[in-house]
Amino acid sequence: MADDPFVLGGTTYASRLIMGTGGAPSLDVLERALVASGTELTTVAMRRVNASVHGSVLSVLERLGIRVLPNTAGCFTAGEAVLTARLAREALGTDLVKLEVIADERTLLPDPVELLDAAETLVDDGFTVLPYTNDDPVLARKLEDAGCAAIMPLGSPIGSGLGIRNPHNFQLIVEHARVPVILDAGAGTASDVALAMELGCAGVMLASAVTRAQEPVLMAAAMRAGVEAGRLARRAGRIPRRHFAEASSPAEGLAVLDPERPAF
């Protein structure tokens, strides 16, 4: 929407949905899902992609005019993540990086110590850093203070489809952030992304929820609609929650009936 721009790292996007590419059953399905999602920014794991291979994910993104967001998936230390980001910048000519530093393979949760270390190094090196982080308001503030261009907290573990398990923390992060907050990981269906937007997130990043759905292209369209609906609801302002009913029709003007007089 022209009156509601999504600005990330100095670039304005029409879509607030950032897509991932992992888990798609084929390049054809991935391409159709990307089109259905309306995304303009899509992540690619640089440790798993050969930028020189034609017919790859990168060639699909180039053909569709979608900007590549390299990520450091698969890195377990700050050093690995920094090296991967620098290789991505050299290969793709972009300073934009989705920073991931994972604590272990079982949970795929971020390592907060290594993440903050890598973020500080990459910001100093001129990168536009978008960190995948825990839903921790304190860590979110430290990442913002380090110079990150956005905060990307998880709603629940990667690929779990559990949605946002701690909406209160998301609200705290959104209320104090001066940069965009983007849901990253945990979405399972369109209602999850709508909730994220209603809580005040500026955007949503997802992959598995679409690529591993029974109908990826259909789910991509659903996610697009969910993001748009949630954003509109946030801007509109929901009614307050109440313990008791409140009639929507006014009491003024109701007929006063005499119980002793017949109606007809």
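Placed from the backbone N, Cα and C atoms, the Cβ positions cover glycine too.
Site annotation (Swiss-Prot, ligand 1-deoxy-D-xylulose 5-phosphate) includes A185, G186, A207, S208; from G147, G159, G237, the additional listed residue is G159. Of the listed binding-site residues A185, A207, the Cβ environment within 10 Å is emptiest of other Cβ atoms at A207. Each residue contributes its Cα atom, and for G186 (1-deoxy-D-xylulose 5-phosphate binding site) and K98 (active site, schiff-base intermediate with DXP) these two points are 17 Å apart.
K98 (active site, schiff-base intermediate with DXP) and A207 (1-deoxy-D-xylulose 5-phosphate binding site) are 14 Å apart (CA-CA, integer value).
Rounded to a whole number, the C-alpha distance linking G159 (1-deoxy-D-xylulose 5-phosphate binding site) with K98 (active site, schiff-base intermediate with DXP) is 17 angstrom. Scoring each of the recorded positions (K98, G159, G186, S208) by how many neighbouring Cβ atoms lie within 10 Å, the top position goes to K98. Residues G159, A185, G186, A207, S208 are listed as the 1-deoxy-D-xylulose 5-phosphate binders, and the farthest two of them sit 9 Å apart at their Cα atoms.
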